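Copied over from TrEMBL, here are the features:
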- 45-65: region 'Disordered' (REGION)
- 50-62: compositional bias 'Polar residues' (COMPBIAS)
- 67-128: domain 'Inhibitor I9' (DOMAIN)
- 157-640: domain 'Peptidase S8/S53' (DOMAIN)
- D166: active site, charge relay system (ACT_SITE)
- H241: active site, charge relay system (ACT_SITE)
- S603: active site, charge relay system (ACT_SITE)
Amino acid sequence: MAKRSVASIGIFISMFLVVAITCFQEERSIYLVLLEGDALAFHDHEGSQDQDSSTIHPNTNREASKAHTNHLLASHDLLLQSSLENGSYNKLHSYKHIINGFSVHTTPSQAARLRRSPGVKLVEKDRGAKMRTTYTPEFLSLRKGIWAQEGGERNAGEGVVIGFVDSGINALHPSFAYDPMHPFSSNLSRFEGACETGPLFPPSSCNGKIVAARFFSAGAEATVTLNASMDFLSPFDADGHGSHVASVAAGNAGVSVVVNGFFYGKASGMAPRARIAVYKAIFPSVGTLADVIAAIDQAVLDGVDILSLSVGPNEPPESTVTFLSMFDISLLFARKAGVFVVQAAGNKGPASSSVVSFSPWSVGVAACTTDRRYPASLLLGNGSVLNGAGLSGPTFGNGSVLHKLVLAKDAVKINGTTQEYIEECQHPEVLDPNIVLGSIIICTFSTGFNNGTSTLNAIIGTSKALGLEGFILVANPNYGDYIAEPIPFAVSGIMIPRVDDAKVILQYYEEQIKRDRKGTATEFGAMAAVGEGRVASFTGRSPIVSRFSSRGPDIIDMHNNLADVLKPDILAPGHQIWAAWTPISALEPMLKGHDFALLSGTSMSTPHVAGIAALIKQYNPLWTPAMIASAISTTSSKYDNLGEHMMAEGFEASSLLPSTPFEYGAGFVSPNCAIDPGLVLSSGM
């Protein structure tokens, strides 16, 4: 009997240790939890419906609001304490204004216990959140249209607050400066924001143009160890993305765009007099939905009119349908609270069903081109002229004086150590300076660029280190054509993305070179010059749906079952957009030190629509979010500047196909028509 008891105890202890070790070894993740019961904005219908707008304000009885807020916070803590083991979790955020819930860092087994707890409606694993990556006011005819009707650029957007959930803001940028000579005339009586401070973000950052600035980091800090040199715990934007989107929507008018000493023109946001409220929820190292939802909840509580989201998850949720994820539910209740929500459609095009703006209550924005192009050219010694891409000045002689052309692999030091991917010009130390000095070097798109280990920045570094006149990055027949977007180069350079053009260059090069029996170059006869690539032309067909812009049909779950909702909703400029940047540029070394960047993505098209919505709201202050969405959709266009049906870029680099509603939604946004469409449709919640 005693032996049996000892054996039983031993088995029990062994089982306990197995369970304990299993729990200990479980990897923690962030989970989003939605609970039964109303959030503050909708508690017992005690919120007041403002007669001058659709915004539902918190209970005017501040004591009652505070009491309900404390009740929600206490209920969240009580649920966690009663459902989960002590020490097995860390609550990150309590959501209490538009949704009742919280985010928690815990193990899968503890999350399963939460799912079984009374009062829990949804437990969803955090999918992470990512960012979607001057001339458009003229392209959209705002200056002579809606701006003129609202008193010109110095009044366009006055009295409207746009909230940005993104990577923060560079408050010192001139696009966000306060002009004491032209003070704001509106007092924003319904908006109550706060200015959080921290590294590189002093109290003066909230200057009247920027009316609120907060940051949300609990999810990020639970996921990774943040890098103190770039993941600043303040609203400061170390990435540049948040500053870019904010200036597209609401940047000051007439800001000079100067990069590498060259003047590209003047930039303006869509609604240059709108105020900016910043909610930083994405860090260079990581982004979580837990932080994004907390930012949305706070933005609605503060009283923003428009919410611009160029961030979000890149895939549907695992455990529920797309419309019922915590993220999409938060967007639903933001709209119910009277906030117009605009969201990036995603950058996974041109594949079908790649759109990541799923729900009908948020306006998903696709991206298109404008008629502006930056033509770059290469002149060969035989008189041939080839087109390419690159925002750089010409080689010496204004692009007409020819310089020696050298293929990178022909310039390798005879006794040097050969580095991998030598043809990609990544390592100046292996090239013979006596051969390449003052020449234009030919670099080849190869394995390193294909796998992401080689960079244009390294080519520029090689060019500077060796005193090159310029560089050419040619396509590789083994990899086919590549996509080349104009990027500012600090040295003369050009990208040749088409294989056919690369073959022309290399054939000419081989015709002019002399080699010994071993194939070593002994005499270089090919010549070339890089032309001016920074001067824009305005003759292109447009708009054209951009290749990267995510397409419908919309899906309802992770199995790609289709939803009965048309997505994207609307099309707006998102290709090659100049806007504000941050010189730190933590993730983009090519843009380090720059105050402006030329970017493409639905991240760029989204703030265009946010700014246009602000103009519509200013002109029609009583309109609900549904009415604004209706006006934008019903006045859109399906035709380009040639009067023909819009085209869309396909998978191939130069392919154009007839566009469909799964690419442009209702059509291309027409702001001057949207302010007075004649008829608007509304919907109750």
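Including glycine, each Cβ sits where the backbone N, Cα and C put it.
For the pair S603 (active site, charge relay system) and H241 (active site, charge relay system), the C-alpha distance works out to 8 angstrom. Counting in whole angstrom, H241 (active site, charge relay system) lies 7 from D166 (active site, charge relay system) by their C-alpha atoms. Sorting the domain 'Inhibitor I9' (67-128) by DSSP state (H, G, I as helix; E, B as strand; all else coil) yields 25 helix, 19 strand, 18 coil. Same-chain residues at least 6 positions away in sequence with a Cβ under 8 Å from that of D166 (active site, charge relay system) are, in sequence order, M131, D237, H241, G242, V245, A246, V278, Y279, K280, A281, I282, S308, S310, V311. Within 10 Å of the Cβ of S603 (active site, charge relay system) there are 29 other Cβ atoms, across all protein chains. Secondary structure at D166 (active site, charge relay system), taken from DSSP and collapsed to helix, strand or coil, is strand. Secondary structure at H241 (active site, charge relay system), taken from DSSP and collapsed to helix, strand or coil, is helix. Note on H241 (active site, charge relay system): other Cβ atoms within 10 Å of its Cβ, all shown chains, come to 28. Across the domain 'Inhibitor I9' (67-128), the model assigns an average pLDDT of 95.
Look at S603 (active site, charge relay system): DSSP puts it in a helix.
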